[in-house]
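Note sheet for the following structure.
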Amino acid sequence: RDCRSQSKTFVGLCVSDTNCASVCLTEHFPGGKCDGYRRCFCTKDC
């Protein structure tokens, strides 16, 4: 199961899952995706 946490360092509107995932890597998460409100959420197994 995936747990989600909003990115602390992502700035601006999230339009690219790739950019979001890159920022999440710097926050020690394995990945991330944009949600419907254009925010970046980092994901990890929980």
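Using N, Cα and C of the backbone, Cβ positions are placed for all residues, glycine too.
Small disclaimer: the values here were computed from a predicted structure and weren't measured.
Listed in Swiss-Prot:
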- C3-C46: disulfide bond (DISULFID)
- C14-C34: disulfide bond (DISULFID)
- C20-C40: disulfide bond (DISULFID)
- C24-C42: disulfide bond (DISULFID)
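Taking the features listed in Swiss-Prot, we show where each one sits on the structure.
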residue : record         : DSSP (3 states)
C3      : disulfide bond : strand
C14     : disulfide bond : coil
C20     : disulfide bond : helix
C34     : disulfide bond : strand
C40     : disulfide bond : strand
C46     : disulfide bond : coil
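Within 10 Å of its Cβ, the residue among the disulfide-bonded residues C3, C20, C24 with the fewest other Cβ atoms is C3. A C-beta separation below 8 Å, combined with a sequence spacing of at least six in one chain, links C14 (disulfide bond) to C20, C34, D35, R38, R39, C40. Sorting the disulfide-bonded residues C34, C40, C46 by the number of other Cβ atoms within 10 Å puts C40 first. A distance of 13 Å separates the Cα atom of C24 (disulfide bond) from that of C3 (disulfide bond). There are 25 other Cβ atoms within 10 Å of the Cβ belonging to C42 (disulfide bond).
Separating the Cα atoms of C3 (disulfide bond) and C42 (disulfide bond) is a whole-number distance of 8 Å.
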